[in-house]
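Feature annotation from Swiss-Prot assigns pyridoxal 5'-phosphate binding site to Gly118, Ser119, Asp258; the stated evidence is sequence analysis. Here Swiss-Prot flags Tyr151, Lys287, Gly322, Arg417 as substrate binding site, drawing on sequence analysis. Look at Swiss-Prot and you will find Lys287 tagged as N6-(pyridoxal phosphate)lysine, backed by sequence analysis.
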Amino acid sequence: MPDYDTQTLRDWDRRHIWHPFTQMKEWEESEPVVIVEGEGSWIIDSEGKRYLDGVAAIWTNVHGHCRREINEALKAQVDRLEHSTLLGLTNDRAVVLAKRLAEIAPPGLCKVFYSDNGSTAVEVGVKMAFQFWRHEGKPEKSRFISFTSAYHGDTLGAVSVGGIDLFHGVFRPLLFPTIQAPAPYCYRCPMGRDTPAACGMECLTELERIMESHAGEVAGLVIEPLVQGAGGMIVQPEGFLKGVRELCDRHDILMIADEVAVGFGRTGAMFACGREGITPDIMALSKGITAGYMPLAATLATQQVYDAFLGEYREMKTFFHGHTFTGNPLGCAVALASLDLFESDRLLGKLPNKIKLLQEKLKGLIELEHVGDVRQCGMIAAVELVRDRATKEPFDWEERVGVRVCLEARTHGVFLRPLGNVIVIFPPLAITAEEIDFLVDGLEKSIHTVTGG
């Protein structure tokens, strides 16, 4: 492929690419950063400037960019087989990966249904739960419980179980209705508690009330375990997830865990559900499954869920769902190489020290005048900016303070993305101690510059 100069690439980009979650009028008036290389925790633009990737290529990168072992696995697979369908066939890489996923997943999740992104992985889970109850002779169980501030993707089924009006409101007429429960947001408690210490898990009490009032009609509950991602990296109080599992058991509701963002070591455990010792009935995976290299997703289910779909063909119990690139051998080979690196690098064993260091560095930010909250779960962190710390008054969204802080961070060699007034910290798990220092120091300087305090 020939090399093109930066300005040519910028011009072609503005002429031809429609970027996600982007106001293109502003984009067309900007000078986009063109990334051409990656190395470890860094991305490098067409002019040679290096940026610490503080968002792990949008919450996907695990072992760093351009990791040799993964590159070699991908190259080797390209020379063997690029793609083969799972409709009527199987392939060796998909088989081996499914076995390994079942071995490391929360106990009981033993069946793997492949797709190609997080939204579809969630939709697969929703459709499984819906059809499951029909096969069980309970078609009245057809509704879903979702949470405020939830985000499960951008396809219509995933949007239906989401809860972010900024993203989803315009599509409301296209969506199926869900039953929405309050999600815990300890900094801005929906139950009016002043401090996390005063938390009495009223969100669980309200969830149980909702389940009781819709007894016999709920097929499944969809939840982001431990952390609500796009809602603002909102960390759930300890015990909430386990409480949700207990309520689902009590009311005969399938629990669907969306681990698309939090899976594969991000919370300090291989899977977030493992932090509270629970097994969902269905679990959606993507993003980190290939360490940020390839589009691949998987929806894991228990034997009980799977068995409900077994029968003679004429019984029409087949799960009629699939995607062209389901179980793609290239993606599966990369995912296997990533799992190998988890073991050879002893990555999970190294995370506690990194998590602690990040926690210590973030403590300094809470003293800043316009930092209202700093929250963290594993290698996920968020800094919520406010106009007034005492009242928690947020900055007006029109001021775009979060965007301005992230743009300023680029001048300090750090690439970040905001969620409104919330600055997200989500680096590759392979980040070093020195790079954690660099990231947080750059963020602190940027907050000072933009907010003046």
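Even glycines carry a Cβ here, placed using N, Cα and C.
Proximity of Asp258 (pyridoxal 5'-phosphate binding site) to non-local residues of its own chain (separation of 6 or more, Cβ distance below 8 Å) is seen for Gly118, Ala121, Val122, Gly125, His152, Val222, Ile223, Glu224, Pro225, Ala284, given in sequence order.
Each of the binding-site residues Gly118, Gly322 was scored by the number of other CB atoms within 10 Å of its CB, and the largest score is that of Gly118.
Those residues of the chain, other than Gly118, Ser119, Asp258, with a C-beta within 8 angstroms of the mean position of the pyridoxal 5'-phosphate site C-beta atoms are Asn117, Thr120, Ala121, Val122, Glu123, His152, Gly153, Ala158, Val260, Ala284, Ser286, Ala297. Within the same chain, residues at least 6 positions away in sequence whose Cβ sits under 8 Å from that of Lys287 (substrate binding site) are Ile58, Trp59, Thr60, Gly118, Val260, Ala261, Gly263, Phe264. Among the residues the record lists as binding substrate, namely Tyr151, Lys287, Gly322, Arg417, the two farthest apart have Cα atoms separated by 33 Å. Candidate binding-site residues: Ser119, Tyr151, Arg417. Fewest other C-beta atoms within 10 angstroms, Arg417. The DSSP secondary structure for Arg417 (substrate binding site) is coil.
Counting in whole angstrom, Ser119 (pyridoxal 5'-phosphate binding site) lies 10 from Tyr151 (substrate binding site) by their C-alpha atoms. According to its DSSP assignment, Gly322 (substrate binding site) is coil.
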